[in-house]
């Protein structure tokens, strides 16, 4: 795991500076995020509070009736330690109103609906407080497509999108995220008893090492096998990365003009300012 070890103090300064500068570029001073009680959102809350000041950070916990009460307790713990603005908004009435019309929906559809309901709440708070929405998906999740398009993957700014889950743990330790949050099993908490690693079928530490070699170091299949990764595992992960690529792109626009958005018409976020 040597390749995944990071200089946490340097990483902290980079990400804090990134949040501060990108929010400033938009002409704003505040940020809003979903605080789930998990380690990813907790880390983003810590980074945002340092970058913008706790008074400029708005966190929402949005439980559903099947959510683990521990999740809300951990989210509240993080918010209270940081002194950020905090609110709990129950999404059960909105979600259940829809599923009364489609009662046969499976867990995946229900989970996606919950994630998108939370996204609409965050963007409403963004409008209410003139605050930029911060993403909380890490690099592992983004590469695997382990998230809901236009749900938890939706944000204006993602400070941790280029660090693997293993590195999220490292930086969280260094920044003093509560032990209860760091040590619990990762879970999207979309249905009772759900855990990320059980659903994925492998551990984050296993897949992070493979993804690092595959993506960052550009090792080919034979090189990965020579390092001890099984061919089945390599093929499974490569398939997940390839099949979820559409989640990492803007909607594809049919090109019919000389300058097409996101192809020939590309400018930095602070263009013209």
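Using the three backbone atoms N, Cα and C, a Cβ is placed for every residue, glycine included.
The record from Swiss-Prot ties 34, 35, 36, 37, 38, 39, 40, 41, 136, 187 to ATP, and of the options 25, 165 it ties 165 to that site too. Within 10 Å of the Cβ of residue 36 (ATP binding site) there are 27 other Cβ atoms, across all protein chains. Long-range C-beta contacts of residue 141 (Mg(2+) binding site), restricted to its own chain and to partners at least six residues apart, with a cutoff below 8 Å, comprise 40, 147, 165.
In the three-state DSSP assignment, the secondary structure recorded for residue 34 (ATP binding site) is strand. Between the binding-site residues 34, 38, 34 has the most other Cβ atoms inside 10 Å of its own Cβ, all protein chains included. Closest to residue 116 (deamido-NAD(+) binding site) in space, going by CA atoms and restricting to the binding-site residues 34, 36, 38, 136, 187, is 34.
The ATP-binding residues named in the record, 34, 35, 36, 37, 38, 39, 40, 41, 136, 165, 187, extend over a maximum Cα to Cα distance of 18 Å.
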